[in-house]
Amino acid sequence: MMIAFLGPAGTFTETAAKNAFADLSPETFQPMASIPAVLEAVAQGHVSAGVVPMENSIQGTVHVTIDGLLSHPRLEIVEEVLLRIEQHLMVTEQTRTDQVTEVWSHPQALAQCRAFILDRGLCEVQFDSTAAAAAELAKQQRTDVAVIGPKSAATEHGLSVVQSDIADVSENWTRFAVVRINRTEAALPGVAPTEKNATHEASRFAQQDKKTMLVVIPYGNFPGVLASILNVFATLGLNLCWIESRPTRLRLGTYQFFVEIQTGTENDSLQTAISVLEAYGHGTRVLGSYERSVVSS
């Protein structure tokens, strides 16, 4: 079994992946260069599962993830990992903080620490990941540059953390999706979860509530179409905990809606809601039914 995650090593996604699959050995985890690469590796059966970021409490939805899930009909979300994000300032061993004029990191990490950066008048340089920024600083050994990222990146690349938890908002959380080939195709060689892991996943979340992600593609673009869709869930007593609109990519001004319902697919009311929506002519697709684990960074 191989688990793909958004790399390189030392990212928050790696932390989430290793918590989701805590019983697996380190060599099981395979970093990938991008979110589409992770999803494609899972869809093609090259790995057993993938872990990708889905939403941050400050920066919002990671659109490349939800768009990618929609473009891969074989994939489904099987677990959600909620990780508290702590951003730290790290430098090379020979650097004094008063020498630093430039800060490197992923765009989301920079945005999450905007006040810290502005207060110090630092110039920003964007990288594909926090770990990539840390790796480059370790390579160049510059004394005028700092990196913002997780402690794991500092440890991985031999940098020193000089200031901890510098994000503008202390309650900074990201939820990650664990993605597999959907259960109807899980008999394919090399992609099915082992009996041990399936039992492990079931027991971990026996006391927690499920959620289901559903995509609704409206029939037509008439006034009140979204309200009519939401009314179906409200009438059946189904609580929506997340909603996001995304372009259909068919023509300008047409959208599809991602909704997260606070129940599992085995719920009769949810099945009724899907049937009613389809009877109205709307398209639907379940992207997964899953539970959440909460870990620290």
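Using N, Cα and C of the backbone, Cβ positions are placed for all residues, glycine too.
From a predicted model like this one, the values you see are computed outputs, not experimental measurements.
What TrEMBL says about this protein:
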| type | residues | note |
| --- | --- | --- |
| DOMAIN | 2-181 | domain 'Prephenate dehydratase' |
| SITE | Thr174 | site 'Essential for prephenate dehydratase activity' |
| DOMAIN | 214-291 | domain 'ACT' |
The domain 'ACT' (214-291) - residue tally per DSSP class, helix then strand then coil: 23 helix, 27 strand, 28 coil
Neighbourhood of Thr174 (site 'Essential for prephenate dehydratase activity'), C-beta criterion under 8 angstroms, separation at least six: Phe12, Ala16, Pro53, Met54, Glu55, Asn56, Ser57, Leu82, Leu83, Ile85
Reported mean pLDDT - the domain 'Prephenate dehydratase' (2-181): 93
